[in-house]
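A quick write-up on the structure given underneath.
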């Protein structure tokens, strides 16, 4: 990962690693692959809570990714203390996630803790809302849209070394 290799590393985080962070991970991996940058980037996702470890993402998330021709085979995992040292960037989907990340970060954390939506989304769209209890896939499609914009902008800024 980031600190063990020359690759830059990104960890996408939401509450349970079932809906938002797997979509963000899949979108980021797809963008990296399309740009031919697989040798430069390592991307994963995790959940703050250990409610769903080992499970596949929500079926609605997988359906939306499939509609956009993006494969995803990951399984949910919980955020680990070492993630804060091994990843360069850890992205929260909302302010609650960010607050939890800040509380959980061990002393000496080297990762940048950021809100994914701050990269290219309008101020009123920057929070990527949890769709877990929503009916249907419309909110998952919106998450895909938000993640696509934010990941594209982050990758562009990171490659230009514009991330502080």
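Each Cβ is built from the backbone N, Cα and C atoms, and glycine gets one as well.
Source: prediction; values computed, not measured.
According to Swiss-Prot, the active site, nucleophile annotation covers 14. Under the heading active site, Swiss-Prot lists 20, citing similarity to another entry as support. Among the features that Swiss-Prot reports, active site, proton donor is placed at 130.
When each of the active-site residues 14, 20, 130 is scored by how many other Cβ atoms sit within 10 Å of its Cβ, 130 comes out lowest.
Put simply, residue 20 (active site) is 7 Å from the residue listed as 'active site, proton donor' when counted between their Cα atoms.
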